[in-house]
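Worksheet: one structure, shown below.
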């Protein structure tokens, strides 16, 4: 959530930055007007409360002196009625302000490229060269079915579209991948967490999913619970409402969890395969950092995600997302896209973001600065390390052989009992 004081004192800068994210200046002008009206009413109510206190003292003195206090009592009753009326106006204005400011996206960092959509993202670098095949390649869904390791037909029967069963060596490959990913992150100083897979609405608000993106989630009717769309939500909210000792920062968390997404608005997109599912595994990275080091931490986090792809020897590229393509809470985002041969393109497999103090303000996550003892908002970061199902898709396609078998990447073989190849059954 943006700082209302910043909007008030640096309106033009905030308006210019949010314009690059598609926010009309008229919305901010309306917000500023409401804020000014609120501040005026607060001054009025404080003045009235001071008058009420004076009237109350005058009534008490009159009663002690056994004098007629009926006029003072009438005056105080009128003051109380006026205060009540202003408080009601303030409540309405506060609700309007909340309704606007909670759906405004974060302001982009100065280094973020300005653009309207994914076409304006900027490629930073590439790693690895896409393999040149001398045979007709198959898509990962065809490979998975032929190898008897992925079953979409029964997933659709048991649940519905965009669900599947991993089976046999497919289940083992998925498990090998997320264990490998977690082990690599632990080497980089991350603490492993197994979080709840359901969170409450306050947690969804804290990380920015609510109220704006409610339609993208699965809520449990009759409860305050939501199935997590990403482990970012429980991991970040771990410190919601807390004040952390500044000496403990930065703090690194990692977790593997299922992610549940309704994929509202994705009808007709990626209807086959592992790219877009309602339920999928993802290894998440979350960091809590001081403002002065958060962008250094973003570079490190992105490098951690790249390291996984490099160890798996999967070609990828890194993009700096433009202002129009970044997520709601992000101030800066790098996307990692892995090469998918059957689609002859790169597809997103990780997104690493610095939200600065945007989530911390919503969730009230603060730290006590050891230098001056003051309590301040920290910066939160999050990134995929990696999306496991998409990594399975990339391995199946990049490591496929002419006979329909798939070679296991060397780094995963210890996690698969030394198995080197998945062969058709």
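Backbone N, Cα and C atoms are what each Cβ position is placed from, and that goes for glycine too.
Predicted, not measured: the structure shown is a model, and the values here were computed from it.
Site annotation (Swiss-Prot, ligand L-serine) includes 230, 231, 232, 384; from 174, 284, 292, the additional listed residue is 284. Neighbour counts of Cβ atoms within 10 Å were compared across the binding-site residues 230, 262, 350, 351, 384; the minimum falls on 262. In sequence order, 233, 235, 255, 257, 259, 282, 283, 285, 286, 382, 383 are the same-chain residues whose CB sits within 8 A of the CB centroid of 230, 231, 232, 284, 384, the residues recorded for L-serine being left out. Cβ neighbour count for residue 263 (ATP binding site): 14 (other Cβ atoms within 10 Å of its Cβ, all protein chains included). Site extent for ATP: among the recorded binding residues 261, 262, 263, 348, 349, 350, 351, the largest C-alpha separation is 19 Å. Residue 384 (L-serine binding site) is 6 Å away from residue 351 (ATP binding site) when you measure Cα to Cα. Comparing CA positions across the binding-site residues 230, 231, 232, 384, the one lying closest to residue 262 (ATP binding site) turns out to be 230.
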